[in-house]
Each structure stands twice: as structure tokens, then as C-alpha cells.
Amino acid sequence: MANKGAIRESLNDRVFMFLIYALLTVFFLVVLYPLVYIFSSSFSSPQAVLSGRVWLWPVEPTLMGYQAVFKNPQIGIGFANSVFYAFFGTFINVTLTVMLGYALSVKGFYGRQAIMGMLVFTLLFSGGLIPTYLVVKGLGILNTRWAMLLPGALAVWQVIITRTFFQATIPNELREAAEIDGCRDVGFMARVAFPLAKPIIAVLFLMYAVGNWNAYFDALIYLKSPNLFPLQIILRNILVINSVDPTMMINVNEMAAREGLKNLLKYSLIVVSSGPVLILYPFIQKYFVKGMMIGSLKG
Amino acid sequence: MVLKKMKRHWQLYFVVLIPMLYVIIFKYVPMYGALIAFKDYHVVQGILGSPWAGLKHFEYFFNSPNFWPIFNNTLGISLYALAVGFPVPIALALALNEVRQGAFKRLVQMVTYAPYFISTVIMVSIVLLFLDPHVGIVNMLIQALGYQPINFMGTAGFFKTIYVLSDVWQNAGYAAIIYIAALAGINTDLYEAARVDGASRFQKMLHVDLPGIMPVAVVMLILSVGGIMNVGFEKIYLMQNQLNVVSSEVIATYVYKEGLLGANFSFSAAVGLFNSVINVILLVTVNQVARRYSENSLW
């Protein structure tokens with residue numbers, strides 16, 4: 001890549017590079033600005049946000065929005081539920097994915113083509129929402145915590161990534177040598193394959209954990225009791241359902257006082273609920289990039 | 001013979017047992033359950049016991065006044081999202097590839113990936129907050145410039161554009177990763193040859209970079225086209241309200257409302273099945289076309 005830039009750049013190239021930098025800067029600002037605005041608004045006073053005086057930095061800094069967030073009991077329950085679902089859900093996800101992914105990477109495993117075919121077919125075709133709902137209902141796990149853990153216990157795409165990883169890192173000769181020494185599959189998995197699989201386990205863990213934390217759809221269709229709701233459903237009730245009020249184009253001043261705190265709470269809530277992932281994200285992004293690379297090896 | 005082959009890795013059958021049980025119960029049983037699309041499903045009689053209805057539900061759907069608007073919305077949103085969402089990550093990756101390794105590049109990458117980690121609920125909340133007719137920043141800006149505020153979410157005509165642009169904002173950075181990886185894998189001899197031939201930076205981008213990422217781009221395109229009928233239900237459902245429903249009702253939201261909220265299981269399953277079948281046809285067709293006109297295809 002180093003030899004790409006010529007020693008003397010022509011005028012043509014310099015204009016080109018200027019355009020490249022301009023384009024990237026614009027894109028960068030377009031992505032960054034909403035994030036900055038939300039962050040700054042969440043620390044401003046309700047009046048400042050409502051009257052549009054917040055543009056870049058917090059105006060009349062307060063923690064009122066955050067106090068309102070932490071006073072809301074629903075949010076606490078939702079947060080605890082989400083931690084539960086994300087933790088146990090991810091544990092189930094990673095365990096099943098690694099087991100299946102490993103088995104499918106073993107060359108002499110009779111039937112692995114058939115299993116692979118079965119998995120790929122589910123990517124092409126699905127029974128649909130209603131039949132899946134009826135299965136969950138039939139199992140009697142509707143409106144229980146299991147409904148949040150079992151229906152999404154495994155993602156086929158991640159199994160394929162995992163299989164590709166094992167195929168690339170564990171040479172068949174190693175397995176055959178172990179076999180000759182009398183080491184059976186489960187022993188080999190536990191003693192050789194899994195210790196080597198730490199990078200892929202980290203990738204899977206993060207992908208599933210972020211997915212579980214952000215999911216709301218399964219909760220929407222399978223859960224009825226508010227005490228089981230994950231954070232995302234609570235967020236939807238506060239942020240989306242309350243705010244869809246497109247018919248209200250009435251006097252702004254009249255609404256302002258009442259709406260002020262409600263509006264501010266939304267910004268603070270967005271920061272509280274996305275903050276943890278976004279703060280961790282610079283440290284974990286390389287795992288996501290890695291996951292995407294492994295996935296693309298055998299798209 | 002078969003038994004002997006199976007014996008070699010017999011332990012692996014126990015390893016795949018639980019993951020495959022999951023796949024069968026939550027993926028294959030619903031496919032069987034999709035049979036209710038051809039029946040008049042009653043909870044008491046179950047899938048087998050319910051009387052056959054032939055193609056009644058399909059005919060009802062095709063003849064209903066909802067059919068064409070929903071079908072056009074599904075296709076329209078998808079194609080719009082594809083037309084904008086497919087080239088932007090490629091452009092971003094090509095531009096980033098021109099920039100030297102350094103703080104600027106790292107910063108742009110880090111910030112543009114970040115929105116990917118925001119949940120759908122939060123993403124929609126941000127859109128609603130920003131576009132709010134009286135307290136949203138976009139309308140404050142419009143008013144500051146001396147125009148009347150616009151009720152974006154309450155105007156059907158804006159729905160698709162809001163959906164697509166917010167999607168690009170959230171996903172373009174992350175989607176660029178795969179192309180950046182492909183660009184890094186291009187043989188450096190090609191750049192050397194282009195330099196010897198006196199190619200400008202733009203020419204190198206056009207004749208080396210772009211062909212270099214073509215295989216990946218084709219695969220991504222096939223996958224996107226294969227998912228055309230599966231437009232993001234989760235996001236559309238959250239963005240939907242009574243005023244924009246004419247342009248935001250898609251097959252998936254219709255299935256959800258008819259099936260789970262309206263309890264028309266058989267009808268809704270039929271609509272869902274129609275959707276799945278179109279998807280398979282699309283995927284197979286695009287893959288076939290890709291195989292004929294380039295060397296790249298999924299299978």
C-alpha cells in the first residue's frame with residue numbers, strides 16, 4: 001500500500017485527494033453530529049432543549065434528565081431483565097454455536113453435509129412468524145423467560161463463521177494424530193479445539209451479546225407481563241409510543257412546560273441505554289471486524 | 001458400511017444433538033406449521049385436525065384492496081434502500097482506502113461504525129426526536145431559516161426517504177468494513193503496474209480498486225436482493241403511525257397485525273408464506289444471473 005502514492009503528486013491527484021478528504025469529513029460530521037447533539041441535550045436544562053438553544057455543547061448544564069431516568073422504576077426492572085436475557089441468552093448461544101460449528105468442521109464426520117444443507121436451507125426459507133409463534137405457544141413457554149432464551153438460541157450464520165474458523169485453525173492431521181493416540185472427539189474438543197477457539201468465542205460472545213441486548217421483537221410477540229419486559233420494550237413504550245403524536249401541531253408555548261422534562265428524559269434515556277455499548281465499543285470493534293472477515297472468507 | 005463410517009466420530013452425534021434439536025423445533029417444525037396457510041386453523045383442532053381450505057387465503061389476499069399497496073411498499077422500500085444503501089459503503093471504503101493510516105482514518109472509521117451498535121428502538125427514537133414538528137432540531141433549523149415546520153413523520157410521502165437515510169446513517173460505516181478488507185487484499189503488483197503506466201489516483205481506483213472488490217460486491221448484492229422481501233420489520237413497525245401507514249405498511253407488518261393482533265392465523269401464515277416463496281425465487285434468480293454474467297455467485 002505504501003508504494004501507492006507517487007513521489008510527486010500531480011495536480012490532478014491533489015484535487016482528487018482534496019475531494020476524498022472533503023467527502024470523508026462530511027460523512028464523518030454527518031454521523032458524529034447527531035450523537036454529540038443527543039449527548040449535549042441530555043445534560044442541558046429542559047427549557048434550553050425545548051427552545052432550541054442547544055446546538056453543540058450542553059446549555060445550562062443539569063442532571064435533571066438523568067434524575068428522571070433513574071427515578072423511573074420501569075427502567076430499573078427493564079435493565080435487570082435485559083441483563084438476565086443478555087447473559088443467559090448469550091451463554092446458550094455461544095455454547096450451542098461452538099458445539100455445532102466444531103462438529104461441522106470435522107472432515108470425517110458422517111452426515112455433516114446433510115446437517116450443513118439443513119442449516120443453509122433455513123437461511124433461504126422460513127416457516128414465518130405465525131407458525132413460529134404457534135411452536136412457542138405449543139411448547140408452553142409463551143410469556144415466560146424461556147421465550148426470550150430458546151427461540152433465538154442459535155444463529156445459523158454464526159455457526160458457519162465458527163465452522164470456517166475451526167477449519168482454518170485446526171489441521172486435520174492434528175486431529176488424526178490425536179485419534180491414533182486414542183483421544184476421542186470430546187476429549188479433543190475439550191483439550192485442543194476449545195483452547196484454540198478463544199478468538200472466535202470472543203467474537204461470538206460480543207456479536208450475540210450486542211444482538212441480545214438490542215433485540216425487542218421476540219419480547220414484543222412472546223411476552224405480556226410487564227415484569228418480564230426487557231429494557232428495549234420499556235424504551236419503546238417511553239420513547240416511541242409516547243412520542244408518535246404527529247397530529248399535535250398546536251401552540252408550542254402552552255405545551256412547553258409539561259413537555260419539557262418528558263422531552264429531556266428521552267435524551268438522557270438514549271444516553272443511558274446506548275452508553276454502555278458505545279463506550280465499550282472502541283475496545284471491542286476489532287472483534288466485530290474480525291468476525292466479519294472470517295464470515296466473508298466463505299460467504 | 002454406513003455404520004462403520006458413523007462409528008468413527010460417534011461422539012460428535014451427541015455434540016450436535018442439542019443444537020440440531022433446536023434447529024428442528026424452531027426452524028423445521030414452523031415450516032411444517034406453514035401448512036396452516038392452506039387450512040382453516042383452529043386452536044382446538046390443531047394443525048392436522050383443522051379442515052383444508054385450499055388456496056382460499058391466498059386468493060383473499062391477492063384480491064384484497066390491500067394487496068397492491070402493501071406489495072408496492074415492500075418492494076419500493078427495499079429497492080430504495082438497496083439503491084442508496086449498496087453504493088454508499090463501497091464509496092466510503094474506496095475513499096478510506098486512499099487515506100494514509102493515521103489518526104484521521106482511525107477517527108473516521110471509529111465514528112462511522114458506532115451507530116451500528118445502537119438498537120433499533122433507540123434509532124427510531126432518535127429519528128422521531130429529531131424530526132418532531134415542534135421540538136425537533138431539524139424543524140428548529142427550518143424555522144430558524146424562516147420556513148414553516150414540517151411534520152415529517154406525519155407525512156406519508158417522507159416515510160421511505162426517512163427510513164432509507166436513517167438506515168444509511170446507521171449501517172454504512174459497518175457495511176464498509178467488508179470492502180475495506182477486500183481492498184487490503186488486492187495484489188500490490190497491480191498498483192505497481194498502474195503506477196508504471198502513469199495512472200492517476202482516480203484511474204487506479206477505477207481500474208484496480210473497483211474490479212478488486214467486485215467479487216465481494218456481487219456476493220453482497222445477491223444477499224441484499226435475496227432479502228428484498230424481508231425489509232426491516234422491526235424498524236418499520238416502530239416508525240409506523242396512522243398518518244404514514246399508506247406508505248409504511250409492508251408485508252411483514254401486515255402479517256404481524258393480521259396474525260398476532262387480529263388472530264387470523266391461517267390468513268396471516270398465507271401472507272407470510274407468499275413472502276418467503278418470493279424471497280427464495282428472487283435469491284435463486286439473482287444467483288443464477290450472477291453466475292452467468294460473472295464468476296461470482298453464492299453457489
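All residue numbers here begin at 1 and follow the chain in the order shown.
Just so you know, glycine gets a Cβ as well, placed from its N, Cα and C.
Caution: TrEMBL annotation is automatic and unverified by curators.
What you are looking at is a predicted structure, and each value in this text was computed from that prediction instead of being measured.
Annotation comment: TrEMBL describes A:79-273 as domain 'ABC transmembrane type-1'.
For A:15-39 (among others), the entry in TrEMBL reads transmembrane segment. Residues 9, 54-56, 267, 270-271 of the same chain sit 6 or more residues outside the transmembrane segment (A:15-39) yet have a Cβ under 8 Å from a Cβ within it.
Residues or ranges marked as transmembrane segment in TrEMBL: A:83-102 (among others).
Summarising the annotation, TrEMBL assigns transmembrane segment to A:114-134 (among others).
Positions annotated as transmembrane segment by TrEMBL: A:146-166 (among others).
Taken from TrEMBL, the feature transmembrane segment applies to A:186-209 (among others). Under 8 Å from some Cβ of the transmembrane segment (A:186-209) lie the Cβ atoms of residues 86, 89-90, 93-94, 97-98, 101-102, 155, 158, 161-162, 165-166, 169-170, 174-175, 178-179, 284, 287-288, 290-291, 294, all in the same chain and six or more residues away from its ends.
Positions annotated as transmembrane segment by TrEMBL: A:264-284 (among others). Non-local neighbours of the transmembrane segment (A:264-284) in the same chain are 38-39, 41-42, 44-46, 49, 64-66, 68-69, 72, 75, 206, 210, 213-214, 231, 235, 238-239, 243; each lies 6+ residues outside the stretch with a CB under 8 Å from one of its CB atoms.
Among residues of the same chain six or more beyond the transmembrane segment (A:83-102), those with a C-beta under 8 A of the stretch's C-beta atoms are 115, 145, 148-150, 152-155, 158-163, 165-166, 189, 193-194, 197, 200-201, 204-205, 208-209, 212-213, 230. If you look at the transmembrane segment (A:146-166), the same-chain residues 6 or more away from its ends with a CB under 8 A from one of its CBs are 85, 88-89, 92-93, 96-98, 100-102, 104-105, 119-120, 122-123, 132, 136, 139, 193, 197, 199-200, 203-204, 207-208, 211-212, 215, 218-219, 222-223, 228, 230, 291, 294-295, 297-298.
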